[in-house]
């Protein structure tokens, strides 16, 4: 069933000759039950500002608008703009389109004067999803410009985002996410929900910023985690040589023969605060 008398998404794709481009990391989400489920996962959004990245032909966009959200959608692919403009006509004053590369967008400036923080809700393009998340996790000042994030990733990336110490998926992304936010996998999305169908399962991750994360420089924590996990099978005293190695490990009371995947987030914060 189409939403609010708009054409079915398959018809939109045919009308505008839209095909997902692998180079842009595109996989169009067609299942309207799933788009509604993603929108619902973000909580009550009626009358609330929402930021969507990579709307494509507008499947998730329509679900967000149908729930009353005020959507700012950033789309790099100019081919999709005419289809999105048709949706904009149907929802006057509810949808703002920006044709831009999300990696180059100044989000703080975009929402700086807004009285209410946006919720970021998106089926992120696979090729920029992780980098966008890192940018949003390391943004300054903190608390950030957004209220929450409800994002689609490949299942393996979602596991890395939410992983705990001592697990194979635990790494830099897990530490940076857990430091500043509380993240959980909400539900999985099968490949057949997309066109074209990816080879892997996807997962929707819900992320809420912590009001007061452990005190630490984002830049230093980013550096220490990148260095520590650079060669994850090596001992910390070897991986951290360029950052003071055994000296900072001794000051932190951390055994230099441990591996990065055994450290808690608070231990990484302690190490980061010792970098000069």
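Using N, Cα and C of the backbone, Cβ positions are placed for all residues, glycine too.
In sequence order, 27, 29, 38, 54, 56, 59, 60, 152 constitute the residues six or more apart from residue 123 (S-adenosyl-L-methionine binding site) in its chain with CB-CB distances below 8 Å. What Swiss-Prot lists as S-adenosyl-L-methionine binding site is 27, 29, 54, 75, 101, 123.
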Which of 75, 101, the listed binding-site residues, has fewest other Cβ atoms within 10 Å: 101
Extent of the S-adenosyl-L-methionine binding site in Å [max Cα distance among 27, 29, 54, 75, 101, 123]: 20
